[in-house]
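This report refers to the structure that appears directly beneath it.
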Amino acid sequence: MGILRFLTSGESHGRGLITVVEGLPAGLSVPIERLEKELERRRRGYGRGARMKIEKDHLTIWGGIWNGKTTGAPCGLTIENSEWEEWRSSMDPQSCDPKAVKEKSVYCPRPGHADLPGGLKYGHENMRPVLERASARATAAWTVAGTLARLLIESLGIEVRSAVTSVGGVTVKVPSEEEEWHVASNSPLGCVFQTDEERLKERIREAMSEGDSLGGAFVVSVKGLPPGVGSYVEWDRRLDGRIAQAMMAIPGIKGVEVGEGGRLADLPGSQVHDGIFMDEKGRIKRETNRAGGIEGGMTNGEEVLVRAFMKPIPTLTRPLPSIRLDLMEASFAHRERSDVCAVPAARIVAEAMLSWVIAEAIMEQFGGDILEEVQERFSSYVSRVGRRDDEKA
């Protein structure tokens with residue numbers, strides 16, 4: 001069918017996380033070291049909670065990969081939760097210790113989290129099951145799925161990278177050159193310059209000392225896509241719509257822009273749209289990329305640029321007013337071990353999710369049961385329509 005999909009299961013403090021990916025073509029190389037590297041990148045970043053020093057994200061492949069390559073069958077992988085034994089008595093799927101359950105109970109919902117609506121929806125007066133599944137810990141499983149998709153699109157010459165653009169109102173340089181993208185992608189805080197990294201660390205330390213949390217923004221770039229990935233023919237096939245949904249699914253993300261996004265709303269059309277020209281060799285080119293590489297729901301051959309905006313973490317060491325649901329009386333929000341700032345980590349998850357959306361669109365468009373089929377079909381299409389951003393390099 002050429003359709004990709006993934007499902008995950010598991011809780012933040014359960015035995016572990018499960019990822020099942022279906023639809024990858026056979027023959028794709030999957031070095032487990034690459035999966036582990038992306039999980040390690042997700043754990044990094046100044047302002048992360050104490051848990052990130054404990055978790056090692058030990059990864060086990062259960063099926064769908066043989067001798068280092070996909071077989072065409074669903075890929076099954078698990079990530080261990082390092083603290084499972086400490087939580088077993090309160091999180092066991094079959095039989096829990098009532099005393100342990102009581103100690104880990106969550107009755108005071110946190111403003112900004114899934115606690116209250118999730119508890120009401122699923123009938124959990126004790127909101128521990130909501131907290132466990134809604135936790136951003138689940139994004140470790142998403143990162144695994146997205147990295148498998150990323151390996152697929154990288155085999156087609158497509159590159160994904162990211163950078164942090166602000167934290168807590170402190171803005172930093174956005175990469176504009178290839179070397180800057182490389183530096184930012186490998187920086188724990190996603191910065192081009194060390195001085196910017198220190199400025200962000202100082203802002204995070206301020207919030208930490210105040211018992212507060214910080215949000216921010218980041219940008220994800222995709223290079224190497226030809227024109228025409230995605231489609232305008234139906235609303236649900238428009239690539240920018242699919243990208244926005246995937247970005248908004250990441251916990252804490254409250255806004256997404258493609259290209260210049262909201263800034264374009266205040267400008268006349270003559271200052272917004274990217275003129276179309278021909279170079280000296282008769283090839284189509286753009287001198288600007290305010291559209292962010294997508295027009296009419298399809299890639300246009302330019303670099304795809306997606307910006308996402310993350311709210312501060314809802315768990316505060318100085319909690320906000322709430323209510324205690326079991327007693328229906330005023331209280332303060334539940335406190336749980338958490339990050340002060342997760343913006344640098346969120347960009348890694350965003351790389352994975354954007355990779356997934358791109359791979360999904362490519363498999364729908366070109367299909368193929370084995371990698372060579374996908375590569376041949378993609379290469380044939382690129383030969384016909386061109387790959388604009390590569391031609392400019």
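Cβ coordinates come from backbone N, Cα and C, glycine included.
Unlike curated records, TrEMBL annotations are generated automatically.
The candidate list Arg150, Arg161, Arg283, Arg337 contains one residue that TrEMBL assigns to the FMN site with Arg133, Ala134, Ser135, Gly296, Lys311, Pro312, Ile313, Pro314, Thr315, namely Arg337. For the binding-site residues Arg42, Arg48, Arg133, Lys311, the greatest number of Cβ atoms within 10 Å around a candidate Cβ is found at Arg42. Separation of the C-alpha atoms of Arg133 (FMN binding site) and Arg48 (NADP(+) binding site): 19 Å, rounded to the nearest whole number. Maximum C-alpha to C-alpha distance over the listed FMN-binding residues Arg133, Ala134, Ser135, Gly296, Lys311, Pro312, Ile313, Pro314, Thr315, Arg337 is 44 Å. Comparing Ser135 (FMN binding site) with Arg48 (NADP(+) binding site), their Cα atoms are 14 Å apart once rounded.
When other Cβ atoms within 10 Å of the Cβ of Thr315 (FMN binding site) are tallied across all protein chains shown, the result is 21.
Across the structure, Ile313 (FMN binding site) and Arg42 (NADP(+) binding site) are spaced 16 Å apart at their Cα atoms.
In the structure as shown, the Cβ atom of Ser135 (FMN binding site) sits within 10 Å of 19 other Cβ atoms.
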